[in-house]
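Heads up, the thing below is written out as structure tokens.
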2 protein chains.
Amino acid sequence: MTSGIERAPLLTRLRELGDTGRDSAGRLSRVAGSDADRAGRDLLCKWLSAAGLRIAIDKIGNIYGIWEPPGASGAPVMIGSHIDTVIDAGVYDGCYGVLAGLSVIEALQADGRRPSRPIVVAAFTNEEGVRFAPDMMGSLVAAGGLDLDAALRSQDAAGVTLGDALASIGYAGQEQPGFLTPHVYLELHVEQGPVLEASGLPIGAVENLQGISWQRIAITGMANHAGTTPMTMRRDAGIAAARVMAFVDQQARATSGGVATVGTLTLAPGAINVIPAEARFTVDMRNPDETLLKQQEDGLSAFLDGLRAEGFTITTESLARFQPVAFDPGIAAMVEAAAAARQLGCRRMTSGAGHDAQMMARIAPSAMIFVPSKGGISHNPMEFTAESDLIAGADILLDVVRRLGECTQSTTA
Amino acid sequence: MTSGIERAPLLTRLRELGDTGRDSAGRLSRVAGSDADRAGRDLLCKWLSAAGLRIAIDKIGNIYGIWEPPGASGAPVMIGSHIDTVIDAGVYDGCYGVLAGLSVIEALQADGRRPSRPIVVAAFTNEEGVRFAPDMMGSLVAAGGLDLDAALRSQDAAGVTLGDALASIGYAGQEQPGFLTPHVYLELHVEQGPVLEASGLPIGAVENLQGISWQRIAITGMANHAGTTPMTMRRDAGIAAARVMAFVDQQARATSGGVATVGTLTLAPGAINVIPAEARFTVDMRNPDETLLKQQEDGLSAFLDGLRAEGFTITTESLARFQPVAFDPGIAAMVEAAAAARQLGCRRMTSGAGHDAQMMARIAPSAMIFVPSKGGISHNPMEFTAESDLIAGADILLDVVRRLGECTQSTTA
């Protein structure tokens, strides 16, 4: 018989953490370094301690709950995510992965399992990047991708540094970031997209994470009277932007794994009867394959060159560029096998969003497990995952950790 | 020998009127009902009086300079335009037509001509509609298309009525609007578009004026994460708007005489990594042929229906709808003949902008004469027409008025 995690504690803790940091209007915001963040961290640490875990906090504020029972040694199996939130957030994003990690350890304990490696639950600082940039900061620093001092000097809009904010809430820890290098890293997360729901499957074995290319584009044409300027004599920056939008959309549809979005656009001068002289907009392109993402970028660049040849002046600015991350195929296969063993539908998939796992993948074999998000909604109070899916995901995490931690039945159980 | 108008007075008056109503930064604004408008009107009346014209002012503030020499009777030949301006205006729009009308009368007087009909120069109130709506108000009221009291009750943003504004500047006249019904109406104007300049022709015989259809369109799709939502599962309101933009642009290019412009557009929520849930934009479509304009509207409507079938929610609102105006073909032919006689290049053309002539066309055979606008620029300090073109246009106006006014050589000349 396959044991599972205990349903009630996980759901109760999710609710309780989700009610920590609500304002008088009921809006949940536990932005990194805030008093609400402190309250959430305090609650988490209370639960970690109650499970008998040793708590370690590093200098970037990452919280680790370490289970190192007799016989466990070497690099740990790390289960992580984050408990900071966006403003007006849902309750699942990040918190689910951290609390499920705690439930996994409790299940192993209850089952009398003894891992050959320590098992660690990690809650990384400032994954959302709402107040301090960059996002995924705690895991990035822990993985050695960002200098600790530079991260601590990051300022919010009021000029407060993250270092001071962490100190003021009591979570400027003593450990050097990176003091724990995982044997493997696992992250369970709500999908934040519609794929699993649309597939009718409860489990996603996340094999990779999209590369991201963000650009800001400004097209300059010529303002003119909308009535008196014949179509053949126009240089309409708005129509040029519309053509770019249609192009990147069509290109993404034609590119395996590609997505593209124009989320912001402004026209100037912006009068009903004046041909737009300037269009400024952003393009968000993603692909799990670096070669294909580069093709999307090159395609856009060539399209813009075509517009330049028509007389438009165009500037582009790269706002962000991340290469795709390939997760560990062996762990993804374990996720699939565990789902099959529990007779849970599962598919390989790509993460469209960024996660701490992409940073930890720099230093350890890593993978993610997704569960469905209703309507694909996230970063929103409407964020929702059914309880059965939450439990199913945590069970799969348990199975994979049991295997990766080389857990044997304790002789005393 | 064909006589012409006197060059210096027209150019000097244009400059002097153009310097009336400049602010400390040198920006010209003679918005209807303002103190600057009063100053411009005072200047115009001084010039009209100096030419021996009788000045009449109606209750909507239209100024008429009436030349009714012995032997002249019946409905007048009216030459009109306006002297109110937009904010930060050029010096030609409107003023050129009014001052050229005065120069025409002076030329006829100097030449010893005696018209069989009175000849009137009209300056209509509030053509621009910057402060009080609607635009082309004075001519619309004079033509019986808008109730006088309703027009006088029109309020500016501060709640001041046009009636009060006219009274305060001393131009709430005594005459009933419409007291003068023209025999014919003529308006000489800068093109405000690029057609004549591009054709290398100094004279446009304006045979019609475009119909205008303004709509506001709101497309609602579904906001979603730009990374996690596959292309096939999106309902991107921004891309839908881009498709509408490309459609109306292409449709206008394929429709004889048609133009179409999307001058304003906003996306919501407006974040780089969020698929737009809503796009709000305006569509300005014009055509000199009502059937073709209706075809453009129907084409847009059918395209929107196609988007609705894809799952978008779309609302449309008509912001303005004017039928095309056909000017008098006989007068347009006289303009052509006059240009040919003076060996000035001329083409038939359509007015893309609105003018007082379209209102006067409701009550009298009307036509317009255009001269080139450099770069098609108007409503802007850069507005410019070469002096030779200004004089050429006024000469053509003179020739046509001479003919329409059945001017004979005075026995005393």
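Heads up, the Cβ atoms here are built off N, Cα and C, so glycines get one too.
Automated prediction, rather than curation, is the source of TrEMBL annotations.
What TrEMBL records for the Zn(2+) 2 site is B:E128, B:H379, and among B:D93, B:D164, B:D328 the residue it adds there is B:D93. Record check, TrEMBL: Zn(2+) 1 site residues include B:D93, B:H189, and the candidate from B:H82, B:H183 also listed there is B:H82. Within 10 Å of the Cβ of B:H82 (Zn(2+) 1 binding site) there are 30 other Cβ atoms, across all protein chains. Look at B:H189 (Zn(2+) 1 binding site): DSSP puts it in a strand. Least packed by the Cβ count within 10 Å, out of the binding-site residues B:D93, B:E128, is B:E128.
A mean pLDDT of 95 is what the model gives for the domain 'Peptidase M20 dimerisation' (B:210-301). For the binding-site residues given as B:H189, B:H379, the lowest number of other CB atoms within 10 Å of the residue's CB is seen at B:H379. Other residues of the same chain near the Zn(2+) 2 site, with their Cβ within 8 Å of the Cβ centroid of B:D93, B:E128, B:H379, are B:T85, B:V86, B:A89, B:G90, B:G94, B:E127, B:Q192, B:S378. Shown in sequence order, B:S81, B:Y92, B:G94, B:C95, B:Y96, B:G97, B:E127, B:E187, B:V190, B:H355, B:D356 are the same-chain residues outside B:H82, B:D93, B:H189 whose Cβ sits within 8 Å of the Cβ centre of the Zn(2+) 1 site.
For the domain 'Peptidase M20 dimerisation' (B:210-301), the DSSP counts in helix, strand and coil order read 33 helix, 33 strand, 26 coil.
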